[in-house]
Amino acid sequence: MFHFSLAFLIIFANVTVSVALRFMKTAKKTTLVFLADLAISNLVQGIVFLIKAIFYIWGKNTTQGCILLVLISMASTGTYMTGIFFVYLDLYLSLKKMSVGKAIISARFAVQMVVLSWFVWIGIGTIAYGMLNKNYVYRQEIGCSFTNGAVTKEYILLVSLIFVVGITVIMMFHALTYRLIKQARTQDQQSEEPNSRRSVKITVVSTQGLATSQKMKVETRRSKWLKKNDAILKMIILVLIMFVVCWYPLVIITMVLAYCTPCSVYITKEVVYFLYILIVLQYNSNGIIYLIKIREFQNVCKNLCCKCCPWHRRVAAIDTEFSATTSCHE
């Protein structure tokens, strides 16, 4: 029952994230496509968890069935990592070209990139069927895991190297993107006098005919655009950190078990449960990160949870990423 609860939690959390992303209006469509890809990848993992739980209860799991589930899980994990890379790539290209208000990657092309990444990772997964361990003896008590010896050490090494190289490339893009944002904001600060901010004089005439004026500092379009991209960068680095922290212990232990059989005595049941909890945490972490970092996502979730409220009292779908929020219950 515990496994079923975790599976339904993962599915519910990521379906909610997907629906909320669908109703977001002000965020860039390309970014929404890539974030939806992350949610779908985690949703697939939740379905895999559910099938594993069914197999475990019924005792009907077979070697081929377990391998298939492991490969689907690996493909969705790879697609998740690729989705993070796509977010960074879009940010980097936009900042490199300084395309304020313009999309370097169209939403349609973003969808094509996501679909292609799924096909690539499914292809990598199918390679495992040609690299099965011929001497593998299936044992019911082991269950469906990547460390059960069903695939060869060479395949485990290949997949681990792909993940290590992928994360290294993503970290490189993060450093380059952060550098571009820092340089652009430094330039804005240096040219702050008449260009970065403009003063607008507003004349207010009262009913008695009295006029007063005040000066309001209005941020330039470029400054707002840079601030928005900086917010996306801070959000996606949290997603990346959660991915690395929750998955790389499993990658390391998988490599150790593949190339150091005697070391398996040190991998206790408590270690396995700890890895299990980390992975489940990662599957459910994106929604929490979006709630913390994206103001419009907060507003959409409020509206989704506030069906009883009249429409005029719901949170408006405006660009409130850097402004105060209001509750529909007020």
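Cβ atoms are placed via backbone N, Cα and C, with glycine included.
Per TrEMBL, these features apply:
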- 13-290: domain 'G-protein coupled receptors family 1 profile' (DOMAIN)
- 6-24: transmembrane segment (TRANSMEM)
- 31-55: transmembrane segment (TRANSMEM)
- 67-89: transmembrane segment (TRANSMEM)
- 109-132: transmembrane segment (TRANSMEM)
- 155-176: transmembrane segment (TRANSMEM)
- 231-259: transmembrane segment (TRANSMEM)
- 271-292: transmembrane segment (TRANSMEM)
Sequence-distant residues near the transmembrane segment (6-24) by C-beta distance (under 8 Å, 6 or more away from its ends) are 32, 35-36, 39-40, 42-43, 45-47, 49-50, 52-53, 280, 283-284, 286-287, 290, 296-297, 300-301, 303-304, 317
Listed stretch, out of 31-55, 155-176, 271-292, that has the most CB pairs under 8 angstroms to the transmembrane segment (67-89): 31-55
